[in-house]
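As structure tokens, the structure follows; a few thoughts come after it.
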Amino acid sequence: MKICRFNENRLGVVDGDEVLDVTEALSVLPSYEYPLPGYDPLIKHLDALLARIETLIKDAPRILLADVRLLSPVANPGKIIAAPINYTRHLQEVLADSAINNGVASFTQHIKKSGLFLKANSSLAGAGEGVALSHQDRRNDHEVELAIVIGKTARNVPREKSLEYVAGYCIGIDMTVRGPEERSFRKSPDSYTILGPWLVTRDEIDSPGELQMSLKVNGEVRQNANTSDLILGVEELVEFASSFYTLHPGDVIISGTPEGVGPVNPGDAMLAEIERIGTMTIAIRSV
């Protein structure tokens with residue numbers, strides 16, 4: 001199932017070029033008192049939510065997908081975990097381009113040496129919200145990635161069981177301000193983590209390591225790769241992340257970008273696509 005959030009926090013199921021409004025299904029979520037939990041309640045109770053949705057779909061109001069404003073399908077992740085260089089060809093382009101590596105040795109190490117990093121939750125936005133470019137005196141780059149949404153609490157999960165802890169998948173855009181500062185700092189301005197266009201539940205993608213992905217800017221193909229080229233695949237990423245962090249429902253792991261990263265400017269439009277997930281268009285604007 002393809003689950004989306006749209007407009008003023010409405011809940012929808014995507015069916016072709018339409019969205020079925022199933023916001024009523026949110027009634028299955030429990031109410032909370034302060035302090036609020038450190039996980040996403042919708043993802044935590046996804047099974048109950050899906051069961052309720054099934055009872056609503058037949059009579060749900062239908063809206064054209066083109067007429068809705070898509071928000072991030074995960075509203076409250078406990079953390080956003082990001083993978084640095086996780087494609088060999090991306091490592092090669094980083095080594096070759098001083099505008100990317102800025103002469104910092106740690107920026108030219110692949111994931112097995114550099115580990116993972118965190119992005120600020122406040123950087124999260126949906127496809128319909130677009131990207132507000134920060135620090136336009138610097139180069140701002142796009143990076144398309146497969147995003148993994150954790151479905152249940154996980155700690156020290158072996159790779160052979162790791163997919164059991166996944167709720168589903170999205171397209172992720174990891175925007176980056178180029179410079180010498182630490183990755184987390186340069187990748188965490190507001191709207192620099194785009195998640196969307198919706199959450200595709202795990203049952204619809206049995207082989208996340210075999211997905212074709214691409215990104216175009218103003219119609220020009222910039223990135224085109226397959227998740228089979230990941231250095232650490234989805235299973236290994238969940239294993240690796242859970243060996244350092246306790247993963248909670250709604251935590252997001254963005255798996256790293258392939259080669260072809262490049263700059264964007266206000267007025268540009270990015271079209272990102274991942275096989276079996278869908279496509280999303282993201283507008284670039286000034287802050």
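Using the three backbone atoms N, Cα and C, a Cβ is placed for every residue, glycine included.
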Of Asp137, Asp174, residue recorded by Swiss-Prot at the divalent metal cation site of Glu143, Glu145: Asp174
Environment of Glu143, Glu145, Asp174, the listed divalent metal cation site - residues of the same chain whose CB lies within 8 A of the CB centroid: Ala82, His142, Val144, Gly172, Ile173, Met175, Thr176, Ile254, Gly256, Thr257
Chain-internal residues, separated by at least six, CB under 8 A from Glu145 (divalent metal cation binding site): Ala83, Ile171, Gly172, Ile173, Asp174, Ile254, Ser255, Gly256, Thr257
For the binding-site residues Glu143, Asp174, the one whose C-beta sees the most other C-beta atoms within 10 angstroms: Asp174
